[in-house]
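Engineer: Once you've had a glance at the structure underneath, I'll fire off some questions.
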Amino acid sequence: MASVAWAVLKVLLLLPTQTWSPVGAGNPPDCDAPLASALPRSSFSSSSELSSSHGPGFSRLNRRDGAGGWTPLVSNKYQWLQIDLGERMEVTAVATQGGYGSSDWVTSYLLMFSDGGRNWKQYRREESIWGFPGNTNADSVVHYRLQPPFEARFLRFLPLAWNPRGRIGMRIEVYGCAYKSEVVYFDGQSALLYRLDKKPLKPIRDVISLKFKAMQSNGILLHREGQHGNHITLELIKGKLVFFLNSGNAKLPSTIAPVTLTLGSLLDDQHWHSVLIELLDTQVNFTVDKHTHHFQAKGDSSYLDLNFEISFGGIPTPGRSRAFRRKSFHGCLENLYYNGVDVTELAKKHKPQILMMGNVSFSCPQPQTVPVTFLSSRSYLALPGNSGEDKVSVTFQFRTWNRAGHLLFGELRRGSGSFVLFLKDGKLKLSLFQPGQSPRNVTAGAGLNDGQWHSVSFSAKWSHMNVVVDDDTAVQPLVAVLIDSGDTYYFGGCLDNSSGSGCKSPLGGFQGCLRLITIGDKAVDPILVQQGALGSFRDLQIDSCGITDRCLPSYCEHGGECSQSWDTFSCDCLGTGYTGETCHSSLYEQSCEAHKHRGNPSGLYYIDADGSGPLGPFLVYCNMTADAAWTVVQHGGPDAVTLRGAPSGHPRSAVSFAYAAGAGQLRSAVNLAERCEQRLALRCGTARRPDSRDGTPLSWWVGRTNETHTSWGGSLPDAQKCTCGLEGNCIDSQYYCNCDAGRNEWTSDTIVLSQKEHLPVTQIVMTDAGRPHSEAAYTLGPLLCRGDQSFWNSASFNTETSYLHFPAFHGELTADVCFFFKTTVSSGVFMENLGITDFIRIELRAPTEVTFSFDVGNGPCEVTVQSPTPFNDNQWHHVRAERNVKGASLQVDQLPQKMQPAPADGHVRLQLNSQLFIGGTATRQRGFLGCIRSLQLNGVALDLEERATVTPGVEPGCAGHCSTYGHLCRNGGRCREKRRGVTCDCAFSAYDGPFCSNEISAYFATGSSMTYHFQEHYTLSENSSSLVSSLHRDVTLTREMITLSFRTTRTPSLLLYVSSFYEEYLSVILANNGSLQIRYKLDRHQNPDAFTFDFKNMADGQLHQVKINREEAVVMVEVNQSTKKQVILSSGTEFNAVKSLILGKVLEAAGADPDTRRAATSGFTGCLSAVRFGRAAPLKAALRPSGPSRVTVRGHVAPMARCAAGAASGSPARELAPRLAGGAGRSGPADEGEPLVNADRRDSAVIGGVIAVVIFILLCITAIAIRIYQQRKLRKENESKVSKKEEC
């Protein structure tokens, strides 16, 4: 088989490289539709036009409107015609035509393409051929198929040659089709971890295909490793792609030597590059773009024997592979496939196989640059000088990667000499040549070839020559000499020697970018240069490198590092806890309350209490309860402090308590909370009270403001009472603290410090008035804060003219606004703040549009988010708007963020001076009707409720949160409204916890069982007739929903058994081969319906989920949330007189089939969780009893945290709670079952219970016999009279 695959591969490799694309090889057969003909005129643009009838909008192929094509004002090779396809398309061919009925046509041209209209890339034919053949007349069409095709949104046609007897004239068409693009963006600190489906045999073939666009020159693209050091890694290193392959331990005879394959160059150019990796046994094929490296490994294919996970974008676990602990990838991956699986699609759908780490998004940002580029060493720009002046003065900025190159040459008048400015070894050097004298040289700067912009100022006058590079100034004194400025300055290179200019560039011309050129006091206008109105040039491309130094001053916040790119500055937010263009937005929620309402369970979390404010995030423990979210901040003090007697007046103890968070962070968190407390547990033996008898404080504590407090507990300041004194239950009513009594015994006080304006405690000082034998000990607990008073702070706006007003918003350089809203109206203004000319406004402009508009002096700017569904659905929607010096962004809910870049060199400060209006405007028009909640400006929360209480037309608070947050209540839990938030009612769920998501699991030892009784228990004092009557209370079902999860290695096993008083039953078992079997017997006169589901061997020690849904005769079975199967019952549709549900071993399965009896005898050994039959949850009823017990337990059943985290099934499990059978302290299985609430009886009580149960069973047998007889008779008379009830 491998030889056949290799033969096929060899055939493919013999094909021309132009006909095979590594990613998505081969074009669709119909990918040749015209793309430009249907575009509007606005989609066409050009460098210039001869007249309005020669505009780019008339450049469609075979069209005759206008003048019959596009013709620029001037015919030269710097003209261009551009098309915007509207979105990225796959382009497979182009066609050109001359101007209709004219002598204007192009004979050759260049084709460039771009994703975003900037950062153009030139299409190359056959690697080295750049130009395309054009037309020979005005009417014929020249069609060219692109091999290989490419994907782009923008295309540019650059004429190189044209009819010498005419002008440039073009009509064009572009062919292709829609392009499927699944994009994932990594910001340099993120990764995707893809867990593969485990297979019993290692694969003989692995195929990985992707495209990538690199924003940086280094980074891990993918990594996969095994148990013995074997790994494969694809890494971008200095713009080259390196594939590392290591089979592991070199001492093993079968391993191969490490392999390193390198392909590609300049792959960090922010353009797409394709990669294909094929591991075919020992054959390795590594393809980048059109270049393929074949490698035949010696030895076996042990490098394929890797773990069942692969990471993209980085190595997610630091230190996991020390040899490859490298920088993560910064850029985009497109159409990422592993063995045919679309990994990006799985990540978008949040499939369980994918783990996203860090800031991973699914859109690829496009660079925007307007550069001025010197294309070759022959490039030059000649500009007129200030002829006749007695000085030379030139300033400019440059950017380059070259260590050497000519920058500037000028010749002085009257033969007085010349000067040349050039780069050598990354340093700037200036040489002045004068007749009869040695050259005068000046050197300034270092490392100027770092790709950054550097400013240069050169001046020469009578007695000195001065060069300033950035902040490095170099001065060269001159002998008094006449400096007479020349006529022309040459930047970047020189004219041909035949021109007689005298310009020389022995180190070669400059390759890079120039900007901000001034000669004398006059700035050079680049637009005039482009239009040919100023100077002359060669091989100069304008609009290719026009950036300024935007990192001085740095607008990066929160310690973010500023770095340059082609068109703007960027902030490296790695390790800051913030994100965004300026590291302004926090990565973390502001409180545990916010974490809770994102569905997060209890655990350690970072919180950022002031949001985008100056305070950083810090780590806390969030304790999520059903009623609230508690923030727990631990201190670093001792667990317990012990005190012993000392002479009078001497300090007994002064202990300081430090916290992981700073004072400002703690203050912000405490102020945000609804209430906070800290508990002090005090134990004392013959110790003194906290104060002397004359009232002098002997003990005190210090809060966060460094103030001393003598109040203990929740009392008023200086009340000097412990908690027992406040509650009036001290052991001695004469005192206000238990320790005041001074008894010769150990007593205790629990002190709750709850004045949150003073918390947390930073120091406790305790002294004593002189009891040598006294002793005490105290423990200070963590800081506990409940809730978030800003998260639910809200106001309801009832009239269009109503609003709340606050002081003006001060956000000059950075302004962010975030809030929740809900409404039923179609429009309204959320907030508005005005200045003299500046303003900021956020509004609901239409039912599906939210708009953020502002003006900082550059003219009004708008950012709009459109939704496919209306926002006026009376549910909470979250809005976040940000405006900074780089632009503006707006995001609503989880919709894609919309951004608007700021204009270059425009105004950056937002100056506002009016009041801030919330819910309306200053003109009282277009007011908002609805609710606004949790409004924050630059991280500062506004108290809406306080203002609403005194504002007509506005009410504090909002109702109706379950419509938005009800989805947090999982697994059948019901959302219940609270005044401030919601809570989940788990009464009818098999789970518990704040979101009904905590698994209730139990380990069943061999021979154990748990029985849930659907009928109520009746005492033996009732007469037999009443007992029989009670058994007539049927539970008859025509439908039921059953869910359970399990893990075991034993077969056969009984997972669940539901019995009936009529010998009807349902059994769910694992057969001897581990297959799932379900049997329904709904008519005791017929054989049961038996169904086998050969999904897999489910007795494999792994966790499996089973869901059974019956609707009369239709049964739907779902396994592991994926595999589904539907079956039809033939034995009936009614489950009559349901008696009990049994988990584990069944002592007697009367009337059951042989397979069910065998499984019932074997029982179940392993872990069961989330068991639910209709509304009955037997595990929950046993482990979380909330009323009279319906559960009986036999044998050893131990609760477990989670089945997935438990011990291997089939092995003894460590019991996590007292055993649920036989009574505490006894060993061995119980002989008979008993209600769970009586599990702790003494032995005599147990014996009595056993006797009672035996008697009860005998009575049940008699009653059942009577019941069967009566039921037969009843069915014969009228079967329709059988009572029915709803699902239990």
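Keep in mind that glycine also has a Cβ here, set from the backbone N, Cα and C atoms.
A quick note: this is a predicted structure, and the numbers were derived from the prediction, not measured.
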Engineer: In Swiss-Prot, Cys969 is paired in a disulfide bond with which of Cys958, Cys984, Cys986?
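Structural biologist: Its disulfide partner, as Swiss-Prot records it, is Cys984.
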Engineer: Consult Swiss-Prot and report which candidate among Cys931, Cys975, Cys986 shares a disulfide bond with Cys958.
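Structural biologist: Candidates were Cys931, Cys975, Cys986; Swiss-Prot matches Cys958 with Cys931.
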Engineer: Looking at Swiss-Prot, which of Cys545, Cys571, Cys573 bridges to Cys556 via a disulfide?
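Structural biologist: Answer per Swiss-Prot: Cys571.
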Engineer: Name the residue among the glycosylation sites Asn359, Asn706, Asn1120 whose Cβ has the smallest number of other Cβ atoms within 10 Å.
Structural biologist: Asn706
Engineer: Can you tell me whether DSSP puts Cys962 (disulfide bond) in helix, strand or coil?
Structural biologist: helix
Engineer: Looking at the recorded positions Asn285, Cys332, Cys571, Cys975, whose Cα is closest in space to that of Cys996 (disulfide bond)?
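Structural biologist: Smallest Cα separation from Cys996 (disulfide bond) among Asn285, Cys332, Cys571, Cys975: Cys975.
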Engineer: With Cys556 (disulfide bond) as the reference Cα, tell me which of the disulfide-bonded residues Cys513, Cys573, Cys962, Cys984 is the closest one.
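Structural biologist: Going through Cys513, Cys573, Cys962, Cys984 one by one, the closest to Cys556 (disulfide bond) is Cys573.
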Engineer: Rounded to an integer, what is the Cα-Cα distance in Å between Cys969 (disulfide bond) and Cys975 (disulfide bond)?
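Structural biologist: It is 6 Å, counting Cα to Cα.
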Engineer: Please state whether DSSP places Cys583 (disulfide bond) in a helix, a strand or coil.
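Structural biologist: Cys583 (disulfide bond) sits in coil per DSSP, no helix or strand.
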Engineer: Checking distant contacts: for the domain 'EGF-like 2' (962-996), what same-chain residues at least six beyond its ends satisfy Cβ-Cβ under 8 A?
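Structural biologist: That would be 593, 596-597, 599, 601-602, 624-627, 787, 791-792, 822, 874-876, 1043, 1170-1172, 1175, 1177, 1179-1180, 1184, 1186.
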Engineer: Under DSSP, is Cys562 (disulfide bond) part of a helix or a strand, or is it coil?
Structural biologist: strand
Engineer: For the domain 'F5/8 type C' (31-177), jot down how many residues DSSP puts in helix, in strand and in coil.
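Structural biologist: Per DSSP, the residues of the domain 'F5/8 type C' (31-177) fall into 9 helix, 68 strand, 70 coil.
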Engineer: So, in DSSP terms, is Cys996 (disulfide bond) helix, strand, or coil?
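Structural biologist: Cys996 (disulfide bond) sits in coil per DSSP, no helix or strand.
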Engineer: Going by C-alpha positions, which of the recorded positions (Cys177, Asn441, Cys573, Asn1073, Asn1120) is nearest Cys513 (disulfide bond)?
Structural biologist: Asn441
Engineer: Please identify which of Cys556, Cys573, Cys996 has the densest Cβ environment, defined as other Cβ atoms within 10 Å, among these disulfide-bonded residues.
Structural biologist: Cys573
